[in-house]
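Q: Below: one structure in structure tokens.
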């Protein structure tokens, strides 16, 4: 094989080793790594290309041969050094003694992971080959695309395979190596269509043409045009190779002999010799190009990879903090652990009611919801006042006729005033109680959410806290409702300080005079100042003025008092009682084991997070050292 210059070789292996190390750590479970994925339709010659690159025989045959993603790690050794192979899957590793063992070992691994037969699996098989005859390169071979299910295959096998391929090639970190036979119409190949769907500009797609010896006479120039990027444009371009056919395999033509035969084929071909001269033909040239592409791709991806690892680390550490370290086994330490948990929760409950930051890290803010509810209450009072003002203008005359006694015209009937004010205030009582219940539900949900965040993994603690929250909500809501109804009973006593009422009355009179002056003009204003009308209409106008003035005072009082009652009972008192009851619960030490019984799967979640944290920290160390 053609060798790369010494300076480049010094850069190639470390780059590829870095990504291989990250993949072997399992980092790909957390984020996508730079890779070259090999895809092609069934019988596209995909396996032959990989055999030619790796120097080992891979599973062959009709139907689906590659049934699991195969990570093919090739490491170039110095001349004279021995061949080395290793296969790894599902945590087990097997060293291979001879290249001839590879095919059977892959079949065994596939049977173990995907079942005996023709099913497929998403699990990765890793095959490492070290030899003087391979390039420094890592590829991921994916199952060939099946169009129709054959005997023994699931009906949706084609859909399953496409789904598996899409999961790899959709990632921006993946270069798609699309294998297409020369003797088919390239535009109809499913593999190229799939690559174009996720990479429409061909930024990360490289085409490989196979089987050039099988093209029909007269179509050779079309093949040359495809390789020259003149038919379907790909920014990474095309290569063309000729690998061993079934006849040569049957005749036991070695891979080395096949490479010599390939070289002669392109060099001497009437049409394809130009591709050979331009460095776009033969497996060795393909190996060089793929190595170059992978290294450049890795170098471009490293800054983003570092950022992703840092983000994942931060996210994982935050999740681990939420899960905690789990309860200790010692009884005394276990009690302290429970006390810490409960104390942190109750302190957060108090903080929630005062609008301060929470220790659990949640961004719960009940005040924004309360502010909206109280603003709606204020708007309801204003709207009720506007409707009341419009209504009394129509109804005050009826009331005057009904309740007026022996007074002469011009005297205001206090009974009419009192009846109308009380009736309006009564209409505000039920909306206030409704607002209380809505806010009670909001606060209850916030406390329950806080319990879930504070007691992650401890279902009995959550259940106990929820029961207390529900009971306290009912109790405090009942107390608050009683206070509200008492407030409305008091509001039926028509009262305010004389000065307050006089000021409100003067303000209202001035507003109405200004409105009337604007409506009727300055002449009317002058007439009004010197003429004192003492007819029935004037009396009614005066009565309306008094009613509107008093309602304004009462509504302002309710706008503040109702929210104060709700906040005091549903937030302040609820949080204080929750704190008392949760701390009182700690007195029952016999209940401690029940409360600290962990969720059955929490241990595995914590172990999974710890494992992720460990591999991400190792990954970060690899990147720092690189």
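Note that Cβ sites are derived from N, Cα and C of the backbone, with glycine treated the same way.
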Q: For which of the residue intervals 24-31, 32-39, 40-47, 48-55 does Swiss-Prot record region 'G1 motif'?
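A: In Swiss-Prot, the region 'G1 motif' feature sits at 40-47.
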Q: Given the ranges 133-136, 137-140, 141-144, which one is assigned the annotation region 'G3 motif' in Swiss-Prot?
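A: Range annotated as region 'G3 motif' by Swiss-Prot: 141-144.
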Q: Swiss-Prot tags one of 202-205, 206-209, 210-213, 214-217 as region 'G4 motif' - which one?
A: 210-213
Q: DSSP says what for the region 'G4 motif' (210-213): how many helix, strand, coil residues?
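A: Output for the region 'G4 motif' (210-213) reads 2 helix, 1 strand, 1 coil.
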Q: Can you tell which of 142, 145 has the least company, meaning the fewest other C-beta atoms within 10 angstroms of its C-beta, among these binding-site residues?
A: 145
Q: Once near-sequence residues are set aside, which residues in the chain of residue 40 (GTP binding site), 6 or more away, have Cβ atoms under 8 Å from its Cβ?
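A: Residue 40 (GTP binding site) has long-range Cβ partners 46, 144, 145, 178, 179, 180, 189, 191.
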Q: Among the binding-site residues 43, 46, 212, whose Cβ has the fewest other Cβ atoms within 10 Å?
A: 43
Q: Let's see if you can do this one: DSSP helix, strand and coil counts over the region 'G1 motif' (40-47), in that order.
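A: DSSP composition of the region 'G1 motif' (40-47): 2 helix, 2 strand, 4 coil.
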